[in-house]
Structure formats: C-alpha cells, structure tokens
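Chemist: So TrEMBL lists the following for this protein:
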type     : residues : note
DOMAIN   : 43-476   : domain 'Major facilitator superfamily (MFS) profile'
TRANSMEM : 64-81    : transmembrane segment
TRANSMEM : 101-121  : transmembrane segment
TRANSMEM : 128-147  : transmembrane segment
TRANSMEM : 153-180  : transmembrane segment
TRANSMEM : 192-212  : transmembrane segment
TRANSMEM : 224-244  : transmembrane segment
TRANSMEM : 328-349  : transmembrane segment
TRANSMEM : 355-376  : transmembrane segment
TRANSMEM : 383-405  : transmembrane segment
TRANSMEM : 451-470  : transmembrane segment
C-alpha cells in the first residue's frame, strides 16, 4: 500500500513539475536559447555589465536625434511628395482623366500591396538602411520616367513600380526607431518624420504653384514636377545609404561604447533589436493575436479616407469655384494643421504613455469637417467649406500613432516585421478602396465619398477604445503572473531585474516574455 502511495505521490510530483515546465516555457522563463537571440547579444551579452549615467544617455539620445529622425523625415518628405505627385499633376495638364485617373491612382497601392510582404522579409535578411536607401534611389528614377510618357498603360505600370519601391519605407523606419529609442520616446520620434505628410502638402503646393506659371512649350508643367521630385528622391536615397544607421549593433556613427549604451538604454523595454532568422512560430503568433486584426481594421478605416483625400483634395477645393493656381495655394493650410496634430499626438502619446487616446483626438476634427462639407454642400460659404477641408486632414496622425502602437506593443523580430507588413498591406488596400469612393459620377460634390469618410472614422473610434481596453487587461494579467512567479520562486527585486535583462535580447515575442509591458 505504501509503495502504491509513494508511486502515486511521485507521479503527482512529475505531473506538477511537467506543468511548471510548460508554464515556464510559455512565459519564456527557463527555455531561453541565446544562440537564437538578437544580434545585440554579440555586443552586450545576456546580462547588463555596463551602466551609463542619465547625462550620458541624454547626450547619446541627442546625437541619435540629429541623425535618425532627421534623415527619416527627409525620406518621408520625399516619399509623400512622390506619392501625391499625381494630385498636383491632376490640375496641371495631366493627360489621364476620369476612371483612368482613378486606376492610375490605384496602381501605386496595387504595387504597394503586391510587394509589401516580400519586401519586409527581404529587409530582415539585409542591412536595413542600405536596403531602404537602394529602394529610394530606384523609385526616384522611376518617378523621373513619368515625364517620358503620356499614355495610360505606361503611367499605370510606372505607378505600380513606384508603389513596390515605396512599400518598404514605413516598416523599415518603424523598426529603426524601435531599435534605437525607448517606448516613451518612440511616438514623438515617429511624429517627427510623419509630420512630413503635412509639410509636403505645403511645400508641394507652393512648388506646383510656381511651376504653374511656366509658359514654355518644351515640357508640360506636370512633367517638370515629376523630374524635380524624382531627382530629389535620388539625392535622399544617397543620403540614406551613406548616413542612416541600420541598428545599434553596427551604427558607424557611434563609438563602440556608444553602441553598447544605445543597447543598454532600450534593454528594459524588452522590445529587442534585429534578428535575421525567420521564425515561423512568430508569424503564427502574429496571425492568431486578436490585437493584430484590430490594428489591421483600424488601419483600413484610416486608409480609405487617406486614399480618397490624398488624390482628390485639390479637386474638392477647386470645386468651390477657385482657379487651379488659387487651389494650389489654398490647399496648403490643411498641411500645417495636419502637421500640428501629428506633433501634438506624438507628444501626448509619449508623455501620457497612451497610444489610442491620441487617435481619438485626431479623428474628431475630421468627422466634424466631413459633416460640414456634406451639410453645407452647394452653399456659398466658401470660407467655412475651406475650413472644413483644412480640419478634415487631421485624421492622418492616427496612422502615425498606429505605427507607434506597433513599435511599442510588439516583440520578436519576425512578429514585428509581420505585423508591420500586415499594417502596411492593409494601408494599401484601404487606399485602393479610397481611390474608388470618389466616383466621377458623384462630382463635384462627392457626397457619398464624404459620407463614407465620416462613417468609417466613427467606427474607428470604437476600435481604438477596444484596443486600449485589451492592452490594459493584458497588463493586469501580466502583473499578476509576474507577482505569482516572484512568490513561487522566491525572487528578490534584484532577481527580477536580472531575469528581465536576460530576456531582453532573446528574440521572444511579447506573448512569450513575462517581462513585456504593453503601451495602451
């Protein structure tokens, strides 16, 4: 009897031990394989051995700020000018009109969608900034080639190729920001380059306005736009190739000590750095994480209005009774207002540790603006209608906050690139749909399209609050799990910190790593 009792007791202990091992593996506690970890481990190891003062870290951050956000802003400036060059060309003698214009506009996003997943997985295997720079140079050449043709098929093909080349921009920049900056610094830095979406509206409007006075016969004005913007992209691409760092591990702009400090600065955030190994399990986790699909939904709800307004905003303003030249100038204040909202949302997001509330701030003026355009359609209140077109663009900062959400709430390099690819693929799908909600038959008021924008963004308000609630709930569960493990193992606070450091660069996903904290 005693032997049977002893055997049963041993069996219970084995089962309990097995359950604990499974639990430990799920939390990433006892199953770390550092040989499979981030490249950062080669430089700093699994435990922090070097410590740097706050003043040293502030100096290092200032040094990074002079280069990374600055060059990223130049990239975004060039990309958004190139992407929206069709908007300027549309009122400067562009030969494609009607439904063919919609299809040419759509072609960019078809190329973007087609190449999004291949480009992010290729970039994972290569030096990130070098891959980005090469793509920029190629798209600059493609943009200049727009001036060599005037037929629909050629424009469609060139816009498709342009979309392919530009599809790597946001994923690459988000990854670089997430590798060099802490979670409470990321949204602000992303806003510093995303602000270019609004500023290019100002810059591009004035440049197009100047070119519109060109009276020569050698080239139509729209072809001059393509040549100038393409040449600018080539210059920006060369700057990226030479000066933008790929990661803290191999940043030539930093000394070895500074590279170590850059990695130690972000260690406790548990976000990891670069890892060239493709991990199928991380792809599966990305696809089975409900938050991924809510981010996808949020992105498409934002991108449909973007696809519509980025190509039709000038046409809407011109419909109020302004000339083409007047339209180019009158459209510029919207870019300033949109830029101000981007900066505010980035600042608020980092200051308060929030990601979803700033999206709400960005959406409300757009909903109001769309309502004004619908309600006052056909009226003679030009000033009020213009004001509505200015505030309708504030929704754009929602996408920059989604970028920051991804950067701060995802760990595991393959999972990161997968979610970034899904976000940007959805961005392209939304923009494809967006080019079609303003139909020629609805011109010049485009009431169905404006109504669609208002409804979509109201739905996104609800999605934003749901995502925030999920992250708050996950953090509460994570805190309880860590307290339970601390008690079960008899850990001190120093033990917890040591384990946190050991997990930082192990390329664990946010689900696998018990020390990962979500930003709401």
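Backbone N, Cα and C define each Cβ position, glycine as well.
Could you tell me the structural context for the features on the list?
Modeler: Listed as Cβ neighbours of the transmembrane segment (64-81) (distance under 8 Å, sequence separation of 6 or more from its ends, same chain) are residues 132, 136, 140, 166, 169, 173, 176-177, 180-181, 189, 192-197, 199-200, 203-204, 229, 232-233, 236, 239-240, 243-245, 253, 262.
Using a Cβ-Cβ cut-off under 8 Å and counting only residues 6 or more beyond its ends in the same chain, the transmembrane segment (192-212) has close neighbours at 69, 72-73, 75-77, 80-81, 84-85, 88, 92, 173, 221, 224-225, 228, 324-325, 328-329, 331-332, 334-340, 342-343, 346, 393, 396-397, 399-400, 403.
Remote same-chain residues near the transmembrane segment (224-244) are listed as 67-68, 71-72, 74-75, 77-79, 81-82, 85, 88-89, 92, 129-130, 132-147, 176, 207-208, 211, 214, 253 (criterion: CB distance under 8 Å, separation of at least six residues from the stretch ends).
Among residues of the same chain six or more beyond the transmembrane segment (328-349), those with a C-beta under 8 A of the stretch's C-beta atoms are 88, 91, 187-192, 194-195, 197-202, 205-206, 208-209, 212, 313-314, 317, 322, 355, 357-359, 361-362, 365, 386, 389-394, 396-398, 400-401, 404.
Non-local neighbours of the transmembrane segment (355-376) in the same chain are 187, 298, 305, 316, 341, 344-346, 348-349, 384-385, 387-398, 401-402, 404-405, 408-409, 447, 450-451, 453-454, 457-458, 460-461, 464-465, 467-468, 519-520; each lies 6+ residues outside the stretch with a CB under 8 Å from one of its CB atoms.
Panel annotation: around the transmembrane segment (383-405), residues 170, 174, 186-187, 190-191, 194, 197-198, 201, 295, 298-299, 302-303, 305-306, 309, 313, 316-317, 320, 330-331, 333-335, 337-338, 341-342, 344-346, 349, 355-356, 358-359, 362-363, 365-366, 368-370, 372-373, 376, 423, 427, 453, 457, 460, 467, 519 of the same chain, lying at least six beyond its termini, place a Cβ under 8 Å from a Cβ of the stretch.
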Chemist: Under 8 angstroms, Cβ to Cβ: which one of 101-121, 128-147, 451-470 has the largest number of such pairs with the transmembrane segment (153-180)?
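Modeler: It is 101-121, which has the most Cβ pairs under 8 Å.
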Chemist: Are there residues at least six beyond either end of the transmembrane segment (451-470) with Cβ under 8 Å to its Cβ atoms? List them, or say none.
Modeler: 290-291, 294-295, 297-298, 301-302, 304-305, 308-309, 354-357, 359-360, 363, 366-367, 370-371, 374, 392, 395, 398, 405, 437, 520
Chemist: In the predicted model, what is the mean pLDDT computed over the domain 'Major facilitator superfamily (MFS) profile' (43-476)?
Modeler: 90
